[in-house]
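Please read the structure below before turning to the comments.
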Amino acid sequence: VTTNGAVLGEPVKMDKNSRRGNWGNQIEFILTSVGYAVGLGNVWRFPYLCYRNGGGAFMFPYFIMLVFCGIPLFFLELSFGQFASQGCLGVWRISPMFKGVGYGMMVVSTYIGIYYNVVICIAFYYFFSSMTNLLPWTYCNNPWNTASCNGVVTPKGINSTLANATRSLVTGAAQAAVEVVNKTKRTSPSEEYWKHYVLNISDDIGNFGDVRLPILGCLAVSWVVVFLCLIRGVKSSGKVVYFTATFPYVVLTILFIRGITLEGAVTGIKYYLTPQWHKILDAKVWGDAASQIFYSLGCAWGGLITMASYNKFHNNCYRDSIIISITNCATSVYAGFVIFSILGFMAHHLNVDVSEVADHGPGLAFVAYPEALTLLPISPLWSLLFFFMLILLGLGTQFCLLETLVTAIVDEIGTDWIMKNKTVVTGGVAVVGFLLGVPLTTQAGIYWLLLMDNYAASFSLVIISCIMCICIMYVYGHKKYFKDVEMMLGFPPPIFFRVCWRFVSPIIISFILIFTVIQYKPITYNDYVYPGWSLAIGFAMALSSVICIPIYALYKIAKSEGNTFLERLKKSCRPDIKWGPALSEDRIGRYAAPGSEADVEVRPLKEELKEKEEEKRDEISLSIQGSNGSTAHNTTPSA
């Protein structure tokens, strides 16, 4: 037993799994998982979906999908990773043929990790740009502005003079027509700042142009921050999340209090919440609700399995899954109040409908909201707070994405050297991630970012999640898995979750997949239509994660022992000899005997006692420790 220099008699806080490490405490795991699940999508996607799909009426299918799909899948992935104490590759000892699912998760996490950090770096850019007395996107008198720029706050100068001169040349119907055209073609200073200055966007996805050096610098900053926070794995990231997972709520609350005190805020919130009950019967609303729950919780990315693998074996992950899932969805609803109070104020100021200023994705974060911020007193302060919140929300997710990849690599290689030098692997993955993100900092970068966002992690996640459910429930066997969970938690999974895992959740996942295919529309960015070759690349990215599954399955079948294809198939589906709890003291029941496979039933007590006696004799005579005994061995070293 190591003393760690502790005073004799004092309890020493040690990792149960000394080789891989554990979370410092359970709060760290919950905060990290909340930070992972609560991301940028909670701020820019949920409020948009809510107002597009019937306002308050959307909440009904949203919470139905949370209960029947979100929480059960979340619990399944947490229990899966915690039981085996392995990352998204190691857990597939449960059925080696399906290890391709783990590789698929790694591919998805790689894609998301690359473009997600680019979004964070743009938030960094706006954060640094807000450190000024006047936000640079306030007025239309900058070198990058065009003639069609029409600011909410217009300075007296050449732009207003020209506008007045033009207006005096037209009368009657002609004047009305020009005003209509001007209103429809209005581009805000924040939009022009985003397009012409920050991105300096090119005219085509194939026209990369130059690398935007300020964005490249911010990308380097964001990768360095992520690396430093993960330099000691979950030991360091577990401490950082005390700030990164909680401070966004402080900022949201500050922005909420400021937002509801603005004129027109009530109109925006009413628009956000007013139920349009007729939309409940629309399948699209249910599809959107299911998709949002599925994607926002981070299912099938591999991150949940990875985070749970650092839990102690008997941790109550059932309780954790409910807390984290509900926190995630409550954050989405809360963020909606913040966003729509500001958008309501903006609509009131511009004298237009809320729907005309509402947007989602980068359009909300980097165009609509920054424009609204210019209308507030002390606007740089609110801008700093808003973009700081975006940075923290993004980092919480990015930590887990990088840790997923690093853990999978380290667990797969599994040597003592790589376990001790995990920091080197983290640094290597960060450098590769930075280099792969460089093309996204070019003038065509935004086109590629949206392409990856729409294709790299869309229907592939749904397929991966569906196959994971089928493998655990039907290939490995639901009865065995329920016993595993009972052995770990001390109680079997509630009957509701057993029904959801076996029937309800796979049906909902299949519904999401069908909905995604039926509702598919080729991606566009504003007026830009993506060319066919770029869409082909998008589909290739989506398929690259899914194709891992059949390729690895065929490889595993080919390498398995057996004379016929059926024998090799059965062998490759059977749990690996190493499947089960990682620590010998946790391997009880059918996992107790050395060399037993996961599908072997518990043997008679006499046989088990006989084996234990033999192990004890061997230990005394040969001075070696028995393996995987169900009782605790004497760990006092021999003289």
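If you go along the chain as it appears here, the first residue is 1 and each next one adds 1.
Cβ coordinates are placed from backbone N, Cα and C, and glycine is handled just like the others.
Note that the structure is a prediction, hence the values are computed from the model and not measured.
Sequence-remote contacts of a segment are chain residues at least 6 beyond its ends whose Cβ falls under 8 Å from one of its Cβ atoms, and for the transmembrane segment (29-47) they are 23, 116, 119, 234, 237-238, 241-242, 244-246, 248, 272, 292, 295-298, 303-304, 307-308, 310-311, 315, 320, 323-325, 327-328, 331-333, 335-336, 339-340, 358, 360-362, 364-365, 389-390, 393-397, 399-400. Summarising the annotation, TrEMBL assigns transmembrane segment to 29-47 (among others).
Here TrEMBL flags Gly35, Ala37, Val38, Asn42, Ser296, Asn328, Leu393 as Na(+) binding site. There are 22 other CB atoms within 10 A of the CB of Ser296 (Na(+) binding site), with all protein chains counted.
Nonlocal intrachain contacts for the transmembrane segment (59-80), taken as residues 6+ away from its ends with a CB within less than 8 angstroms of a stretch CB, comprise 50, 91, 94, 280, 285-286, 289-290, 292-294, 297, 299, 304-305, 307-308, 317-318, 320-322, 324-326, 329, 333, 465, 468-469, 472, 485, 488-489, 493, 497, 500-501, 504-505, 508-509. Per TrEMBL, transmembrane segment is recorded for 59-80 (among others).
Here TrEMBL flags 101-128 (among others) as transmembrane segment. Within the same chain, residues 40, 87-92, 198, 214-215, 218-219, 221-223, 226, 300-303, 305, 362, 365-366, 370, 383-384, 387-388, 390-391, 394-395, 397-398, 401-402, 404-405, 408, 433-434, 436-437, 440-441, 445, 448-449, 452-453, 456-457, 460-461, 464, 467-468, 471, 541, 544-546, 548-549, 552 sit at least 6 positions outside the transmembrane segment (101-128) and bring their C-beta atoms closer than 8 Å to a C-beta of that stretch.
Per TrEMBL, disulfide bond is recorded for Cys140-Cys149.
Residues or ranges marked as transmembrane segment by TrEMBL: 213-234 (among others).
Within the chain, the transmembrane segment (246-273) has long-range Cβ neighbours (under 8 A, six or more residues past its boundaries) at 31, 38, 47, 50-51, 55-56, 331, 334-349, 354-355, 376, 382, 385-386, 388-389, 392-393, 396. Per TrEMBL, transmembrane segment is recorded for 246-273 (among others).
Marked as transmembrane segment by TrEMBL: 293-310 (among others).
Long-range contacts of the transmembrane segment (322-347) within the same chain, counting only residues at least 6 positions beyond its ends with a Cβ under 8 Å from a Cβ of the stretch, are 30, 33-34, 37-38, 42-44, 46-47, 50-51, 59, 62-63, 66, 70-71, 74-75, 152, 249, 252, 255-256, 259-260, 262-272, 292-293, 296-297, 353-354, 356-358, 364, 368-369, 371-373, 375. The feature transmembrane segment is assigned by TrEMBL to 322-347 (among others).
Annotation source TrEMBL lists transmembrane segment at 381-402 (among others). Counting residues 6+ beyond its ends, the transmembrane segment (381-402) has Cβ neighbours under 8 Å at 32-36, 38-40, 42-43, 109, 112-113, 116-117, 119-120, 123-124, 126-127, 130-131, 135, 222, 225-226, 229-230, 237, 240-241, 243-245, 247-248, 251-252, 254-255, 258, 298, 301, 303, 306-307, 365, 369-370, 373, 426, 429-430, 433 in the same chain.
Listed by sequence, the residues of this chain that lie at least six past the ends of the transmembrane segment (423-449) yet keep a Cβ under 8 A from its Cβ atoms are 110, 113-115, 117-119, 121, 199-202, 204-212, 215-216, 219-220, 223-224, 226-227, 230-233, 362, 402, 405-406, 409-410, 525, 528, 530, 534. Residues or ranges marked as transmembrane segment in TrEMBL: 423-449 (among others).
If you look up TrEMBL, you'll see 455-476 (among others) marked as transmembrane segment. Below 8 angstroms of C-beta separation, residues 73, 76-77, 80, 94-95, 98, 101, 104-105, 108, 111-112, 115, 294-295, 299-301, 501-502, 505-506, 509-510, 512-513, 516-517, 523, 538-539, 541-543, 545-546, 549, 573, 575, 598 of the same chain, each at least six residues beyond the ends of the transmembrane segment (455-476), sit close to that stretch.
Residues or ranges marked as transmembrane segment in TrEMBL: 496-520 (among others).
TrEMBL lists 532-555 (among others) with the feature transmembrane segment.
Annotation source TrEMBL lists region 'Disordered' at 595-639.
What TrEMBL lists as compositional bias 'Basic and acidic residues' is 600-620.
Long-range contacts of the transmembrane segment (496-520) within the same chain: residues 65, 68-69, 72-73, 75-76, 283-284, 286-287, 290-291, 294, 318, 458-459, 462-463, 465-466, 469-470, 472-473, 478, 482, each at least 6 residues beyond the stretch ends and with a Cβ under 8 Å from a Cβ of the stretch. The list of residues near the transmembrane segment (532-555) in space but at least 6 beyond its ends in sequence, with Cβ under 8 angstroms from a Cβ of it, reads 97-101, 103-105, 107-108, 111, 205-206, 447, 451-452, 454-456, 458-460, 463-464, 467, 522-523, 572. Fewest Cβ neighbours within 10 Å among the recorded positions Ala37, Val38, Cys140, Cys149, Leu393: this applies to Cys149.
Ala37 (Na(+) binding site) sits 38 Å from Cys149 (disulfide bond), counting Cα to Cα.
In sequence order, Val241, Thr244, Ala245, Leu395, Gly396, Thr397, Phe399, Cys400 constitute the residues six or more apart from Gly35 (Na(+) binding site) in its chain with CB-CB distances below 8 Å. Cα-Cα distance from Cys140 (disulfide bond) to Ser296 (Na(+) binding site): 37 Å (rounded to the nearest whole number).
Residues within less than 8 Å, Cβ to Cβ, of Asn42 (Na(+) binding site) and separated from it by at least 6 positions along the same chain comprise Ser296, Asn328, Thr331, Ser332, Ala335, Leu393. Other than the site residues Gly35, Ala37, Val38, Asn42, Ser296, Asn328, Leu393, same-chain residues with C-beta atoms no more than 8 angstroms from the centre of those residues' C-beta atoms, the Na(+) site, are Val34, Tyr36, Gly39, Gly41, Thr331, Ser332, Gly396, Thr397.
In this structure, the CA atom of Cys149 (disulfide bond) is 35 Å away from the CA atom of Val38 (Na(+) binding site).
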